[in-house]
């Protein structure tokens, strides 16, 4: 059997967090600009920005992000960061990526919501021009934040009409802030008639994913709980929801305690819409090439599986119809 060149495969990524995916060299550059001291040794720095291989919980995993927040407080920093993440993706043959970020986490020093979105989109455009990747931005509301603040952030974001800002998400502490707890914010985003994805099913609570499906949300970040819930999986498939799966991240946070607790094979057998993602390239010390290697190792995923999942990702993406057509053609050619 011919060995698969996982790096060479064309790839699509829908679930990648900006602040969790910065390269060490970019972290150092941003720290220099912000006049923040970092450990000189890369291994020591990595310990601060990469979560433990096994965390006690999702909240422990999220602690790594606190280290990055002070570095992303200017337009310049956000542009550099967005360019860096899209470049990393392009260099492993990702042809389309959606990079998500929370404006709130970059407003500590006076940036407006609009400024954060403009800065991120500028960085993504630079990478698009240089590497030929199509790179788009998603805006996250933080579910644990003050709801009136989040409502204002979402409204200001909705005023931005940039073709590279394509949708919304809610991230953060799912366990304590499930869909019902932030329902007014979800309804607010739905009223915009703009695309939306949603983190649910990462913290072991099937009700949260069920609520997300009932609210009509068609893309779901993680969906890990489907491994344990056959009836919910049936609903997921029946409603045409697409799962943004993040294997390494789920094993770290214990959303999936072992590979057997990860929903991929059950979702595949049920005919669910599946996409493969990194979640956080740096915090999880991964990239899509590594993820594909793991799917092949643990689940015997084939090149045809990867083609199918990438096709699903394009169809579920928030790209324009013209971009989707172009991407589907590029993907078909790459896998022919």
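Heads up, the Cβ atoms here are built off N, Cα and C, so glycines get one too.
Within the same chain, the residues at least 6 positions away from residue 279 (Zn(2+) binding site) whose Cβ sits under 8 Å from its Cβ are 15, 16, 17, 20, 246, 248, 249, 286, listed in sequence order. Per Swiss-Prot, the feature Zn(2+) binding site maps to 15, 17, 199, 279; the stated evidence is sequence analysis.
The Cβ of residue 172 (substrate binding site) has 23 other Cβ atoms within 10 Å, all protein chains considered. Sequence annotations record features per position, and here Swiss-Prot assigns substrate binding site to 17, 19, 172.
The active site, proton donor annotation in Swiss-Prot covers 202. Neighbour density for residue 202 (active site, proton donor): within 10 A of its CB lie 25 other CB atoms from the protein chains shown. For the recorded site, residue 202 (active site, proton donor), the DSSP three-state label reads coil.
The annotation site 'Important for catalytic activity' is assigned in Swiss-Prot to 222. Around residue 222 (site 'Important for catalytic activity'), the C-beta neighbours below 8 angstroms that are at least 6 residues distant in the chain are 199, 200, 201, 202, 243, 244, 245, 246, 250, 255. Reduced to three states, the DSSP call for residue 222 (site 'Important for catalytic activity') is strand.
Each residue in 18, 20, 62, 65, 100, 101, 102, 105, 140, 171, 280 lies on the same chain as 17, 19, 172 and has a C-beta within 8 Å of the C-beta centroid of that substrate site, without being one of the site residues. Here the Cβ of residue 199 (Zn(2+) binding site) has 27 other Cβ atoms within 10 Å, regardless of which shown protein chain they belong to.
Sequence-distant contacts (6 or more apart, same chain, Cβ under 8 Å) of residue 19 (substrate binding site) comprise 65, 68, 69, 72, 81, 101, 102, 105.
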